[in-house]
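This report refers to the structure that appears directly beneath it.
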Amino acid sequence: MIGVILAGGESRRFGSQKAFHMLDGKPFYQHIHDTMVKSGCFEAVVINTNEVLASRFSMPVIVDDSQYAGLGPLTGIYSVMNEVPYESYFVISVDTPFITTRAIEHLISHYQGNITVYRDSEQIHATIGIYPVTLKTMIEHQLKTRCLSIRQLFDEQTKYIDVGDIPGHWYANINHPEDLKGV
Ligand SMILES: Nc1nc2c(ncn2[C@@H]2O[C@H](COP(=O)(O)OP(=O)(O)OP(=O)(O)O)[C@@H](O)[C@H]2O)c(=O)[nH]1
């Protein structure tokens, strides 16, 4: 499985690029990268971003396919599927810096070839999820037709795993600076 850190968004709500926001001496993206590597679950862990941000990372990145630049997370997933062909991809948004190895391992333990994502009582965490490569054609179709919601990929086979299975608020999604308070 390939670990994918999606880090090509605009961070409008946060006010500055979340990927580089420092938390305990490390930028968000580095926290997630270190946790994914530490989990030992991945053949490779890749950062995916847009052309503008690419040079700001301290490690090699996969840049969004220029045909679909600026279209959101689906562009990121599609670009990685193209550049790093593999069976499946564990996708994590860069604004989820508290992810733990336990949470990663738990989701993987439920994966049986269909989309597998976390959810809580209020929302589905589509960007803490596993996506098989078999979706690539459908993702490209969605990009071409500008159906840009990841949820559009979900079907009756999609598996939802409760975040409560793993204690803690490791799934906190940091969209605004205030979201960091009390985590
Ligand atoms: N590679 C890539 N990642 C993206 C793109 N758009 C969003 N993302 C990532 O997808 C995840 C979810 O993004 P959002 O929360 O929807 O948007 P955001 O740009 O981070 O923040 P806002 O501008 O405040 O909506 C984040 O990790 C983003 O970095 C894109 O066009 N390309």
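Every residue, even glycine, has its Cβ placed from backbone N, Cα and C.
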TrEMBL annotation, GTP site containing Leu6, Ala7, Gly8, Lys18, Asp95 - matching residue among Asp64, Asp155, Asp162:
Asp64
Are there any residues in the same chain, six or more apart in sequence, whose C-beta is under 8 angstroms from the C-beta of Leu6 (GTP binding site), and if so which?
Asn48, Pro73, Gly76, Ile77, Val91, Ile92, Ser93, Val94, Thr127
DSSP three-state call for Gly8 (GTP binding site): helix, strand or coil?
coil
Packing count at Asp95 (GTP binding site) (other Cβ atoms within 10 Å of its Cβ)
24
On the 0 to 100 pLDDT scale, where does the domain 'MobA-like NTP transferase' (3-154) sit on average?
97
